[in-house]
Amino acid sequence: MTTAIKTPRTQDTAKAAGLIAPALLVLAAVIGYPIVRAIWLSFQANRRLDPATGVFTEGGFAGLDNYLYWITNRCMSPSGVVGACPPGVLATDFWPAVRITLFFTVVTVALETILGLVMALVMNSESRGRAFIRAAVLIPWAIPTAVTAKLWQFMFAPAGIVNSLLGTDIAWTTDPWAARGAVIIADVWKTAPFMALLILAGLQMIPKDVYEAARVDGATRWQQFTRITLPLVRPALMVAVLFRTLDALRMYDLPVIMISGSSNSPTATISQLVVEDMRQGNFNSASALSTLIFLLIFAVAFIMIRFLGADVGGARKPAKRLLWRRHAKGANR
């Protein structure tokens, strides 16, 4: 008979697991229960008015009907006949909202990444006003989203400062593409500093001797940026893109306050449909749509995390090659 010998490392691991177990249980209850509850509700039918009794009855198990309601725009009439949803039903706004959400996500994240990288490079440079720039950059990000939305709503008003500066009379809040552009501008203004701070953290982790080795090898500033800065900052850059992408897919308050909370608004996102469906008392179909959003966000996060995990280890190879070349030259001398 053999007995397992507990090493100090095993004992420390068991102790650490015991210490974090209560916190994990709380997180499981706070995060896990709402997710499980929403998924369960998504498979239940909405309450319906029984014409015979004149009272609302529980719908019971609905299978995938709530999901098909959104994806295929199929509705059931009071007589039980399934057909295309009539105009005005929220399901008819689903695919336009998906397109708008993806459009906002791609455009805003791309612009914020470029602008955030430029801001991070400026804040990371050796300049006298670096501390002031870092403090000023935080201001848009620190302002609550509701305040930001109202601020830009006033600026994009027909008689607002934007039209006054441009000398135009663009209807920023009513014209579809102008409204989308206004939301994008406001979102980039508010969230680009967040991207800049995350990228700045990655820039400050790059060793200075890497740039010294590159200068000894005769690398230009552009070569240093493309072969050292970008590869080494790529992990932090992709983490920033991941966070912003997941946040942009859930965009709600900015377009609602700036433009309109209507589901058929030119800036209506998927999250707006969830809120509107819940206001109408359709909690089960709203839960199905929330689950679809959750699955979309989970899929995007999974793909991006796998992508990050594959490249983090290889991100330092260009810098290592430059250092190796420097040492090789020194040895040959």
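Just so you know, glycine gets a Cβ as well, placed from its N, Cα and C.
Here is what TrEMBL records for this protein:
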type: DOMAIN; residues: 98-304; note: domain 'ABC transmembrane type-1'
type: TRANSMEM; residues: 16-36; note: transmembrane segment
type: TRANSMEM; residues: 100-123; note: transmembrane segment
type: TRANSMEM; residues: 135-157; note: transmembrane segment
type: TRANSMEM; residues: 177-203; note: transmembrane segment
type: TRANSMEM; residues: 224-243; note: transmembrane segment
type: TRANSMEM; residues: 288-308; note: transmembrane segment
Close approaches to the transmembrane segment (288-308) from elsewhere in its chain (Cβ under 8 angstroms; 6 or more beyond its ends): 35, 38-39, 42, 66-67, 69-71, 94, 235, 238-239, 241-242, 245-246, 249-250, 270-271, 273-274, 277
Same-chain residues at least 6 beyond the ends of the transmembrane segment (100-123) whose Cβ lies under 8 Å from its Cβ atoms: 130, 133-134, 137, 180, 183-184, 187-188, 191-200, 203, 229, 237, 240-241, 244-245, 248-249, 251, 255, 266-271
